[in-house]
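First the structure, in the form of structure tokens, and then the observations on it.
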Amino acid sequence: MSSTAPSARPKGAGSKGTGGLLRVLNWIEWLGNKLPDPFWLFLMLAGIVLLLSWILSAVGLSAVNPATGEAVAVTNLLSPEGLRKMVSEAVTNFVEFPPLGLVIVVLLGVAVAEQSGMISAALRGSVARVGPKWLTFVLALTGITGSIASDAMYVVLIPLGALAFKAAGRSPVVGLIVAFTSVAAGFNASLLPTASDALLGGITTAAAGLIDDSVIVTPVSNYFFTFVSSFVLAAIITLVTETVLSKRGEALAEDTDTKQQDMGDFNDMRLKPREKRGLRNAGIAFVIMLAIYLALLLTPGSPLRAEDGSILMSPLLLNVGIVIAIMFAVVGWVYGRAAGTMTTAREVPEAMAKGLAGVTPVLVLFFAAAQFTAYFQWSGIGPVLAVHGADFIGSLGLSPVFTFAGIVVIVAVMNLLITSGSAQWTLLAPVMVPMLMLLNVSPEMTQALFRIGDSPTNVISPVSPYFALVLGYLRRYQKQAGVGTLISLVLPVSIAMLIGWFLLFVAWYLLGLPLGPQDL
């Protein structure tokens, strides 16, 4: 069932006051919501993957993996072995679905902070301090920088973004989309170095070694570019939000029952004395925990640094979800004690249980999404298509700037099929990095191009497990929202970020600006 009223034409399609772009987006929403419920949609997509695996395997579609030199072929999942695997690993697919454990663990901590009233008080205080004028930009920049927390930011910031906009008297749907696009589409940019920077740098170094084994790409080889990109992308998100999304988001009327939810007196932005006391104590607790965290992370010889002593590959960064959960739980408990909303330790597990109650519909959706993503991975369709796409770009013989555009487009399209950045770069880097090195394009610059193509389409990839997660969040405010609703909201931001980020790169390239410290 669509989120629009049933009619021969989609809502807003014939409105004279609606711009051409808004009419297109309304059509996208209307058509997209004609699709079945996401649970059935993912199962149908899984069926399509099974059929394609049989057809492509029969015609012998294959490619040579440039990373290993081995042939990669499509695997027929409708074979007896494939059928046995689907049955025997169905539960494993669900249990090992990437967001599942992370969602539950982080929400255990967030629930304590939410049930104690800390999140409500902090958001109201923050919104009042930031002001509606800067709310969108600050939320977007927070989401982009939050990529240092990896996938945990999907669980933390997206629902908080919705609540922050609701606290400011704006559509929570718009806040949710701002948070989602900043976290997902801005994943490869950050004000701080991240663990993924180290991972991408290692892959790029190996690929560059095919031409020059003296090249070393470090985790900060793109740092100057990604630092500036963070502000540019936040500005793009803000511009699109205020000119396009706000109009559509406000039109998506929030369901009556969600309007009546107890949001911790969000309508009153003024903090009570007990709330101020609670936030002060919670802030002190947070600073103490942050100091302990940084000490364990930065102190030489710390058992929680990586085995080789590095920082970016520390379990404290790679598994930051549990750190976030503990911090939320502790500061939430401290707030509750100081504000008088929690008096006994028994209330902590009770708050955790209440927090997990609302995630049940998402878990149902995760089961179907997990089977689809597993089948797609088993089939080998994604890697084969990725290799052929990279080879096609190399055969065109275009000028550098046009080649850059082609690389970005290939990566963006491949990202719809392979959402793991490291997996995709492992496949593409051995072709793209040497190819562009022969055109006097540095490996660091090629890696920057990959970042540009990889991030913006994260928000429109149905293969991404977090697409299902965000759809579940969206349905908290719009129970009838469908795939079309979500795509129509994020598509303008995705396109704007892809174009804007690439134009920033072209200007960077033409001006000869340093991508990182190695270029100084």
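Yeah, the Cβs are placed from backbone N, Cα and C, and that goes for glycine too.
What TrEMBL says about a protein is an automatic prediction, not a curated fact.
Residues 73-78, 82, 364-365, 368-369, 371-372, 375-376, 379-381, 384, 462, 468, 483 of the same chain lie 6+ residues outside the transmembrane segment (39-61) yet bring a C-beta within less than 8 angstroms of a C-beta in it. According to TrEMBL, the transmembrane segment annotation covers 39-61 (among others).
Residues 120, 151-152, 154-156, 321-322, 324-329, 331-333, 335-336, 348, 351-356, 359, 362-363, 366-367, 369-371, 373, 465-466, 469 of the same chain lie 6 or more positions beyond the ends of the transmembrane segment (94-114) yet place their CB under 8 Å from a CB of it. Annotation source TrEMBL lists transmembrane segment at 94-114 (among others).
Among the features that TrEMBL reports, transmembrane segment is placed at 134-161 (among others).
Counting only same-chain residues 6+ beyond the ends of the transmembrane segment (173-192), those with a CB under 8 A from a CB of the stretch are 136, 139-148, 153-154, 157-166, 226-227, 229-230, 233-234, 237, 241, 245-246, 249-250, 252, 254, 421, 450-452, 454-459, 464, 466, 470, 473-474, 477-478, 489-490, 493-494, 497, 501. Summarising the annotation, TrEMBL assigns transmembrane segment to 173-192 (among others).
Cβ atoms under 8 Å from those of the transmembrane segment (223-241) belong to residues 136-137, 140-141, 144-145, 174, 177-178, 181-182, 185-186, 188-191, 193, 197, 448, 451, 492-493, 496-497, 500-501, 504-505, 508, 513-517, 519 of the same chain, restricted to positions at least 6 beyond its ends. According to TrEMBL, the transmembrane segment annotation covers 223-241 (among others).
Tertiary neighbourhood of the transmembrane segment (278-296): same-chain residues 116-118, 121-122, 125, 271, 302, 304, 316, 323, 326-327, 330-332, 334-339, 341, selected by CB-CB distance under 8 Å and a gap of 6+ residues from either end. Residues or ranges marked as transmembrane segment in TrEMBL: 278-296 (among others).
If you look up TrEMBL, you'll see 316-335 (among others) marked as transmembrane segment. Long-range contacts of the transmembrane segment (316-335) within the same chain, counting only residues at least 6 positions beyond its ends with a Cβ under 8 Å from a Cβ of the stretch, are 102, 105-110, 112-119, 121, 148-152, 155-156, 194-195, 278-279, 281-286, 289-290, 293, 296-297, 304, 341-342, 348, 351-352.
As annotated by TrEMBL, transmembrane segment applies to 356-378 (among others).
Sequence-distant contacts of the transmembrane segment (398-418) (same chain, six or more residues past either end, CB-CB distance under 8 Å): 376, 381-383, 385-386, 389-390, 392, 424, 427-428, 432, 436, 439, 441, 446, 449-450, 452-454, 456-458, 460-463, 498, 502, 505-506, 509. Positions annotated as transmembrane segment by TrEMBL: 398-418 (among others).
Under the heading transmembrane segment, TrEMBL lists 425-443 (among others).
Residues of the same chain lying 6 or more positions beyond the ends of the transmembrane segment (455-474) and with a Cβ under 8 Å from any Cβ of it are 38, 42, 45, 97-99, 103, 151, 154-155, 158-159, 162, 173, 176, 180-181, 184-189, 359, 361-362, 365-366, 369-370, 372-373, 376, 412-413, 415-419, 481, 483, 485-487, 490-491, 493-495, 497-498, 501. The transmembrane segment annotation in TrEMBL covers 455-474 (among others).
TrEMBL lists 486-511 (among others) with the feature transmembrane segment. Residues 21, 25-26, 28-29, 32, 173, 177, 180-181, 185-186, 189, 225, 228-229, 232-233, 236-237, 239-241, 244-245, 248-249, 400-401, 404-405, 408, 412, 445, 448-449, 452-453, 455-457, 459-460, 467, 470-471, 474 of the same chain, all 6+ positions outside the transmembrane segment (486-511), place their C-beta atoms under 8 angstroms from a C-beta of that stretch.
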